[in-house]
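A.B. asks: I grabbed these lines from TrEMBL:
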| type | residues | note |
| --- | --- | --- |
| TOPO_DOM | 1-18 | topological domain 'Lumenal' |
| INTRAMEM | 19-39 | intramembrane segment |
| TOPO_DOM | 40-51 | topological domain 'Lumenal' |
| TOPO_DOM | 74-100 | topological domain 'Cytoplasmic' |
| TOPO_DOM | 122-164 | topological domain 'Lumenal' |
| TOPO_DOM | 186-221 | topological domain 'Cytoplasmic' |
| REGION | 202-221 | region 'Disordered' |
| COMPBIAS | 212-221 | compositional bias 'Basic residues' |
Amino acid sequence: MDILQCYHSSRLLVDWSDNRMWFAVASIVFNPTFWNIVARKEYRTKFITRMFNGNGLYGCYALAATIFTLGLIRDAVFKYAIDTQPKAQCMDHWLLQGLAYFLFAVGNIFVLSSMWVLGVTGTYLGDYFGILMDDRVTSFPFNVNDNPMYNGTVMIFLGTALWSLSPAGVYLTCVVHFVYRIALKFEGPFTTEIYIKRDQDRAAAKKSTSTRAKKQTKKDL
């Protein structure tokens with residue numbers, strides 16, 4: 001059976017009446033929604049920073065631990081859901097299984113290398129806590145992929161779905177991809193605004209310092 005025939009024969013092998021599928025969907029949607037809402041509220045009100053006596057770094061670490069834990073829960077719910085769904089034996093094809101291993105490996109490389117380059121605060125929304133990076137990261141994996149963390153995660157989900165012979169997993173991966181695309185529509189422009197404001201504040205501070213220096217020079221003369 002070729003790949004196209006496998007698609008046509010397996011695409012309906014999903015039990016949408018199973019609540020575990022919808023729990024997986026809810027978990028996938030919840031995570032980026034949660035961290036976007038919480039991070040924006042933190043940026044505007046500093047409510048997490050205040051919880052840690054004004055220490056934004058500790059607040060960022062706390063949010064990072066929360067997001068990481070929610071990610072583990074989402075991954076477990078996803079795996080549990082697809083393991084209880086019908087399997088498509090035609091997906092046990094050397095090409096699809098090879099693709100599964102490739103996606104899983106490359107996806108993990110993208111995610112882990114992103115975390116290594118960005119660090120905890122760069123990965124987990126430190127800029128919303130006022131912990132900003134000096135320059136835009138352009139090294140690997142960002143030199144080959146604009147959003148390696150999100151795209152890598154999607155690749156891991158799809159690799160897991162193919163390896164598990166799960167059409168349901170492929171559908172859930174599509175949900176992951178769609179939700180992340182929406183999240184990027186909100187995160188990208190907002191993060192850009194944060195850095196634009198930082199640059200404007202720096203320019204204003206530099207101008208103010210220069211003006212005071214000139215006034216002091218004239219006074220000394």
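Any Cβ shown, glycine's included, is placed from N, Cα and C.
Automated prediction, rather than curation, is the source of TrEMBL annotations.
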A.B. asks: Are there residues at least six beyond either end of the topological domain 'Lumenal' (1-18) with Cβ under 8 Å to its Cβ atoms? List them, or say none.
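C.D. replies: Here the qualifying positions are 81, 84-88, 90-91, 93, 95-96, 167-168, 171.
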A.B. asks: Going by DSSP assignments with H, G and I as helix and E and B as strand, what are the residue counts for the topological domain 'Lumenal' (1-18)?
C.D. replies: 8 helix, 0 strand, 10 coil
A.B. asks: Restricting to the same chain and to residues at least six past its boundaries, which positions have a Cβ under 8 Å from a Cβ of the topological domain 'Lumenal' (40-51)?
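C.D. replies: For the topological domain 'Lumenal' (40-51), the nonlocal Cβ contacts are 59-60, 62-63, 128-129, 190, 194.
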A.B. asks: What residues elsewhere in the chain lie close to the topological domain 'Cytoplasmic' (74-100), defined as a C-beta under 8 angstroms and at least 6 residues from its ends?
C.D. replies: 1, 3, 5-6, 9-10, 13-15, 18, 20-21, 23-24, 27-28, 30-31, 157-169, 172
A.B. asks: In the same chain, which residue numbers or ranges, 6 or more beyond the ends of the topological domain 'Lumenal' (122-164), come under 8 angstroms Cβ to Cβ?
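C.D. replies: That would be 35, 39-40, 42-43, 48-49, 56-57, 59-60, 63-64, 67-68, 78-79, 82-83, 87, 91, 96-97, 99-111, 113-115, 170, 172-173, 176-177, 180, 183-184, 191, 194-195, 198.
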